[in-house]
Ligand SMILES: [Zn+2]
C-alpha cells in the first residue's frame, strides 16, 4: 500500500457469496484500520462487474452451491483477481470462496467443478455436513492466536505442496485431515465461515500488516477479547 | 369430516388426549405433541383430515404466523376455520390443528418453507400463499435457491391457486410454475438475497435503484419503498417481475379493480401492512370481498405474543420478534424512535446455533437512542454493535435491562428463544 494513500478493501461478489454474515470481515478490517488512523476505502464488486486489480486486501465469502459455481466461472473469465494476487495483494477466502481458490471443488451433485487455481488445494464433497464450533491452533510462523469460529460445509480439502496449513484443528472438522484452512504468500483460505475475523482479530491484523507492510499499533480489543474468551470456554473441554 | 375411518378417528382422538396432557402438565401449548402421537398411529391421517375442506397453506421465511392469523380472521366471516395458531408449522402441527376442529369447512395452515412440497402433496390444498424467502438459520442448511426450486417442482402441473409476492424475485420464481397465480406487490425491503436472477444467475436490475451493498439502505427511509423500486428484471434473460393485481401502496391496499383501501390495521409496521394485503388477496380467492375481510383484519391486535406489551414495576415493554436479518429490518421499522430499546439474542436450536447473521443486520439505525444488550449471546451482539459504532450497555438479563429503564415504555427486539424466555417470565398474554 503506498504510504500516501488509503487502504483499499475489495469485497468480491457480495451478490453471490455473502450468505453468512460475510460482511463482518469487511467491517472488522475497516474498523481495525480506522481506529489506528489508516484511512480505508471499500469497493463492493458485483458479479456482473470487473474485479479491480489495484486493491490491497481482497475478501470473498460463502454461499450456496449454484452461486459458488457462478462465482468461479466469472472470476476465471474476469482474471482481475489473478492479476491482483500476482501483484502481491492480500486475500481472505472463506468457506465456498476458499474452495473456489483451488483447482477443483464439489458441485451441486458432488460433481467436480473447476476452481480458479489461486491456491494449491483440491476440494470435494465429504460424507456428512460439518456444522458447529471450530477451534484450531494456528501455524506458529504466523503469530496469530488460536482460531475460533463456526463452520458449516460439506467440503473436504486436500492441501498440495504449494500451501501450508493455516492451523491444526482442536475441535471441529476444517479441511478434514486434522488441519484447517491454508495459506500461501499473502493468500489465506479458511472454512471458518462468515465473519471469521470478528472472532479472530489477530488474523485481521495479519492481513492489515501484510497489506500495509507496517507494524500496527495495538487496538482496543475489549469486546473482541470478551467474545473470544467466552466462545473458547464454551467449546473447549474444561482443563 | 366426521366420516374418518376408525383407525384414523382413534389416532386423532389419542392425539387430542396427548395434547390435553401436554397443556395440563405445562409442557407446551400441546399442538406439536398431539400431532406427533396422531401421525405415529396413522401416517395418512393428515391426508384424511384435509379431505373435503377448503384449505390455504401459508409459507414464507417471515410473517407466516401473522399472515395465517390474518387470513383465518378474514375467513371466519365464511364459517369455522381450522388453523395452527401456535406456529406448529410442520405436519404434526397440521394434524393437531385439523383434528381439533373436525367440522370446520375451512383451514388455514402455516407451513414451514422446507415442508411445503410435502404438505401441498398430502393435503391437496387449493390455495397456496407465498410471501418472501431470505436467509434464515443457516446452520440447518436453509439453502433458499434450492428451496425455491423445490417449490417450483411441487407446484408444477397442480390445480392450485397461488397468491404470491411479485416483489420478491425468488418467491416469483418459486411460484411461477403454478397454473394460476395472483401476484401481489407486497414490497421487499430486504434485497440481499436477490441481486442475482434465480433463473440464469445474471444480475437483476431494479428501476431507479443501483445495486446497494449489504448494510446499505435501499432508500432514505428503511422499510419504505416506492412502486418503481419494487420492479425488477433480469439483465440477461426474460425473467422479470409479473404485473401485480394487488398492490401495497403506503398505508393502503389497491385491489384488482383499482380501488384504494386504507388498511388501518392495529398490527404495527410495513411488514404487517404487506401481510394484510396478502390476506385480502387470499380472502378474495375464497370469494370473500374486501369490504367483509378488511374489518376482520383490523380486529387482530397481537399474534402469539408478538407486539404484546409486558409490564413490571411501571415499565411497559413492547415485544417484537425478529429471527433473521430480514426480520430485524422489518422490526426496526416498527420501533418508536423516541424510546430506548432492549435487544436480546440467543443461539439455541430453534434460533440456529450460529450467530453469523448478526453481521448481516445494519444496526446503525439505532445510533442516538439508548440501547441495552442481553440474551445468551449478548457478547456476539456487543461486538457487532461496537464495530458498528452503536453505543450500548451490556446487561446480565432481560429483567436487569428492564429494571435499568426509567418508568414508562421501552421497545424490545428478541430472536425466537429469547422472545419465548421473556414471554414465559413476564406473562404469556396473547
Ligand atoms: Zn436471468
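Every residue gets a Cβ built from N, Cα and C, even glycine.
Annotation source TrEMBL lists active site, nucleophile at A:95. In the three-state DSSP reading, residue A:95 (active site, nucleophile) counts as coil.
Taken from TrEMBL, the feature active site applies to A:193. Sequence-distant contacts of residue A:193 (active site), defined as residues of its own chain at least six apart whose C-beta falls under 8 angstroms from its C-beta, comprise A:20, A:61, A:62, A:94, A:95, A:149, A:150, A:151, A:152, A:153.
Summarising the annotation, TrEMBL assigns substrate binding site to A:129. With a 10 A radius on its CB, residue A:129 (substrate binding site) counts 16 other CB atoms from all the protein chains.
Per TrEMBL, the feature domain 'CobB/CobQ-like glutamine amidotransferase' maps to A:9-200.
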May I ask you to pick out the recorded positions among A:95, A:129, A:193 with a CB closer than 8 angstroms to chain B's CB atoms, ordered by sequence, or 'none' if no residue qualifies? A:129, A:193
Counting every protein chain present, what is the number of Cβ atoms, excluding its own, within 10 Å of the Cβ of residue A:95 (active site, nucleophile)? 27
Mean predicted confidence [pLDDT] for the domain 'CobB/CobQ-like glutamine amidotransferase' (A:9-200): 96
